[in-house]
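Here is the structure we will look at, set down as structure tokens.
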């Protein structure tokens, strides 16, 4: 986007956040706009809102944050009654704008809009089949595959068309779909990605990737959409259509470790509590000794407070994060080593000087940033730096919606814990065990979760793992 | 585009201009960029360029003039070898950006990009059929219909796929199509819209809506694409595929009257010479008497010089056009009557004062602007104002690519010449006769032209005339 | 502005256009906005409008055309009663935005805004004096010098302060000045630049660089501001303050040749009529022989119609100008020779082929563009090209407001007429004589004009000619 | 800026941050750009950088954050050797862009650029005097007053000119000044605002409002600029010029409470340590009892960790802050009560439910936000909410650079602590005492500080307190 810009992106990237509102009395597009603000942490590359008044349908999409895309006005329509929204991550590529969501199309049954979070593992295969039958594709997103399945379905009702389509796809996904009269939500059979339902005092229904999207509009949490369930909201209220409920569950553990907002609750498990408990388990497992507990802000903070709670060692702020950086900055001409890290984080000398510092982070990607932070702490006078990571080492790619484009660079894929410790220069290094992780999510069934990025036990067994960077599989095919 | 902006659009709007370049040695995207500048008069609402290097394909499109869309850079690709471009008119509507061209899609055969000028008269029918078979539509442009036909064709080669598709569509169109290895051009069987082929000294091939697009890149005119002909350019050179050459021809006479640039040559007939001759015929038919001949700039100027030439009455500048207006301006709060006309045109008192003024224009739409100009001349002291129009009265809608959204407002649809004269306040008013018009295009067969907007003799007989504003027929269908 | 942009600027650049409105009933800022549109030809680099409601004062300025600076809204204030506006040319330099006008400042007497057209020949000297007394300068424009003189004046009334200041400055200028309650206009003693007064039916007063600025708001022309006159408009009506009327007059002849709009009248002389007469004189002097008369659009057209009228040789369009270019375009990567000229102009082969072409232009700068056009005509088949220029050769710099930064490149400064003819490749070349030029402006005293750029007879005798590029004299002094 | 935008500004606004770099080997503008990022918390409305190469000088300024103003490029000049920068807060007003800094002017001595942080208490008086002597003012910022004093000084050297000027002004300020060859820093006699000096390994000198601006470019802290000291850096190194060192000191205590970044050290006192100690003192004074300590992020967090440390009650995250809001958002059409607070903060139910919550914040402005947060916690199930504020009640306006435009709305100006508690709905409410505050800054002399906003003991005794909103005093004077 910015040719000379230096990228300051988050360490892990998930695909998206989805949202939907059905209401005949409240401002559906305004609520969707607020909901997308609450889900912004799930995707910062593009945003979009589609609305309908029961007859006309329109969509507004753009590159950037919600407050950039909707800088001058929030989409609105007289008598609007349904809206869906989308925020998304993705890296650079061709046709960026064309790939934004929600996707809106005409088909024989009318107009339909769709927002999608996740990754289909058999998209390439379906796409190939559809192309052989004469279908064209204008984008490289899975949503277009899905909407073609709906359009080609011979089923009579939109409900049956969607269910037939859902049965054909595999992978991790949550969908919000909008027709002129219905709001539909669906969650994949394994329940990889979260999706929940809320209701306002006035009776408006909300579908949201996370419960924090309900809170921001003052809606009550009703329940999670179940794995393998489709829900349809229209003037008759809400109906449930289980389409694949018998499959083993495999919710993504990384939603609890990093992706979801701490104030969200997924499948009955508070994200904050899970993260806090990971810190406590980590303290127990590591038997950490030190003078102070600090976190790598912001993602390491909840676990750090758990470490402090369990160990009795005080939690203090040792690293200050600059809140005004934005996603890119222009690298000045004369390059300074480590500028990006220094710009984001600074150590507080008076806090760490002469101290045995226990530093808590949620995960390690390449180890380079961790190494720079350790060095920054030592330069600020830290006597010892003990690093605690509130997740196991990540050694395997994810095929269910997390960007694994950096896989080859994953330090835990090729190095032992001791080698990583040496690489980042910490005095000690502890990762939380998978067992400890399981004990941290006691409100749900820990066995009904996906730990594949730690142990390669992929819950979808058909081996349809995209070869490389899955996002580009369609773009790369011929070009 | 600008909510409070006052529109200063041209009086007649055609759909588009198309362009394409095939070259292994020259800068295909840069040449397309220059070509679109030369074709800018054919469409000012959006512009786009698609390029390929033989493997990858990319498109850049945006709202606005060529120099707005490509303000900061011209699209470029290493080893680019084919490019197509498009400029387009269209009025406001939903999904403006989505409707820009060229359209670029994936299909079973690879990638394809397409730019389209004109209007299909059976698009709604084909679209309906395709939707019944499960096709989705993401835009409301005819190009998407056409590209779906190609994708669904069972023919083996791209040439056969395109020909099969061309045989299914009816209406007025010119197309440039690009695959990873071929540049294709096609012109409708009646030859409504112009399309020509050029070649540079280095052997690069150009396809352009008008010959002025060849001149700007220094290419030689080779020949026109024939009505009902498809041409394919690839590494083997250029091949011709006639697909419907036996149908009666019906080139649009309005290209000569108003649309095309005077320096273009269409089917062997110089546009300037046709327009100059219309002025001469008009002088003869009207037997005009006066002291000076002036034009309504810029579209009336060529005919005015013809009137002056034939009558011997001197041509002078009586109206000055402001060249800096742009397409919109903000109407100041306190509205002034006639601001838009005054801003665009001003009369020169010293020229017209006390004179019998012969004012030449190419056509009349609603008559309101003409009336304001007549009044402006009288206020500047003109003794008499004699209005000469270098085309017959336009009383019927066009279904072949000219925007007829103002049809109900066409003054000649409901008023006689005398009533029009009275309405605009001229002393006399003469329209060129259809016969005179035919004699003005002597380089071509005057009977092989479409005069339907003057006499309702529509060359395509199947009665598939869109009911209202044809551009919105798909958008309006359900929404 | 656009790093990779190729400049398409006009051939001669003057400094500015100024405008002012005083009214208690009409929309003063809206009228100023329209007036600036009409004066846009006098300056396309920046635009600004200052307004007051009698107490508060505000200014909005920006880089670009009027419709770019005021794209989204026209400045407005409740109960606004005075507005002044400015359009300006200038080349690139530092602090571009800071140098835009009107300038608005606080001083001991309140607030004052000022817009300035022209060039002070003793600005550097006054500036130096003011700096020695402790004055700071935030811009490099003459207006700041002038406003400091006003602020330092010990005179009691604003009228006396301005007059005292006017007496200190030398050079070519027109000013519009606004206080909270008065609109002031002033024109230099020689009357180099035009300035006129108009009045609407509702009694609002207008001050404008040219009469075309009166026409656009429907105002009647009252009279020109006289050389050496200041006029003050307030609630008591309009008052005249001659401050230097006895000096010899020296109106700029180039306003008639090139700068002013043809529909303006300056000091009683119609610009169109002057230009038309230049064409007639040129025909007489040159005794031109040929088949057709064509113009280099747009600045050569009026003279060309005069040549045609006098000679009886028909005027036709031989060159077509692209109206959509804008001021810059991105040069595509692979540079084409002559792209800029080709993009702007194209010859019509059917018009010029086999003909003896008489081509009329208003002036020649470097001769390169003229050479390319001659070549373009020959490539299009012209048998002979005879070039007529409706002004004498320009061999000397202007110190009174016309950009002479290209002086060293002025072809007539170093080459004879025959050498120029050879350089541009025309068959014959005729320049209008100074004597012929004088006969073309018969409505004014031809001896009360400045012809210094032709004959170096500079009307201001103090030898204070800036050494080089006068615009940068202040910027360059130390930096 | 955004007409329909809802403002999400920080609770207290200070005027500015200043920065300067002198170096013949390092990238001075690039370092200034990084330094401004680090100082961004001191001002988010506009940013600017001025640079010189020893001869030429240039400035780039704009509205917005550093990464918005310098989105596409960082200012740069060949052989640049000095740069100064500025970030600023200010509320809306006229001529926003004109009021950005650094200010750059020409005067008799050459060019000078100046960036200013703070508020002069006798600016209006000096300004009036200068205007009476004929000085004009183009902006409403104090910097223009100061630069006029320098320009009018009869002293010979720039050092003496600046000192003479410094002696004339009163109030709170820090300045960075740049001539073609010198970088100058100055701090007011009382030392209200911080200013420090750093040096890189390569010998480049830095002047920065806070030490965090040194860290980001890898510079070592040398020392603070002393109250009443001017430092001059040029090719001879650094020289000190005390100009008013005998006056009593009065550093702003609010820098420690709220403004400065926790990782900065001001006058030897770590901001983090002061803030942490305020938390500890607050715990002691309040004898707080509860189950958990939470903070209002981000400004309350350091004190909250101090409360937890002292009380032994665990610190946990109870409120989640949305990091993606930006400074404004569009209020959707159907207004929701409390949308802005909900968008920014959300309570974590699982953390606070059934708990006695101790909530720590740094200060209270109007009390409305605090009230909404308390309500949010109760809605999330908190059993009790005990509010601890790490500063005394703020009942008096600040005349030294903190925006007191909300003074009339200061809840502590009109309500007792008990009334405030009732208003915000907390179970208990404790403010830190002034005595406790003094004990929190033990590294400095607590008596050498300004506590005027708590106790009205204004350190500058001349009673020159601007009547109302000081920022507009000049703009309002006449308009």
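In case you wondered, yes, glycine gets a Cβ from its N, Cα and C as well.
When the candidates C:212, C:252 are compared with the [4Fe-4S] cluster site entry in TrEMBL, which names C:398, C:450, C:453, the shared residue is C:252. Binding site for Mg(2+) per TrEMBL: C:361, C:362, plus C:299 from the candidate set C:299, C:311, C:350, C:416. Sequence-distant contacts of residue C:362 (Mg(2+) binding site), defined as residues of its own chain at least six apart whose C-beta falls under 8 angstroms from its C-beta, comprise C:257, C:258, C:275, C:296, C:299, C:300, C:303, C:389, C:390, C:391. Cα separation, residue C:450 ([4Fe-4S] cluster binding site) to residue C:16 (active site, nucleophile), rounded: 19 Å. Between the C-alpha atoms of residue C:252 ([4Fe-4S] cluster binding site) and residue C:361 (Mg(2+) binding site), the distance comes to 19 Å. Nearest in space to residue C:361 (Mg(2+) binding site), taking C-alpha to C-alpha distance over the recorded positions C:16, C:398, C:453, is C:453. Looking only at other Cβ atoms within 10 Å, the busiest spot among the binding-site residues C:450, C:453 turns out to be C:453. Excluding C:252, C:398, C:450, C:453 themselves, the residues of that chain whose CB lies within 8 A of the CB mean position for the [4Fe-4S] cluster site are, in sequence, C:192, C:253, C:254, C:400, C:402, C:451, C:452.
Cβ neighbours within 10 Å of residue C:16 (active site, nucleophile), excluding its own Cβ and spanning all shown chains: 27.
Secondary structure at residue C:453 ([4Fe-4S] cluster binding site), taken from DSSP and collapsed to helix, strand or coil, is helix. Per-residue pLDDT, averaged across the domain 'Glutamine amidotransferase type-2' (C:16-236), gives 93. Set side by side, the binding-site residues C:252, C:398 differ in how many other CB atoms lie within 10 angstroms of their CB, and the most is found at C:252. Residue C:453 ([4Fe-4S] cluster binding site) sits 19 Å from residue C:16 (active site, nucleophile), taking the CA atoms of both as reference points.
Here residue C:16 (active site, nucleophile) is positioned 15 angstrom away from residue C:398 ([4Fe-4S] cluster binding site), judged by their C-alpha atoms.
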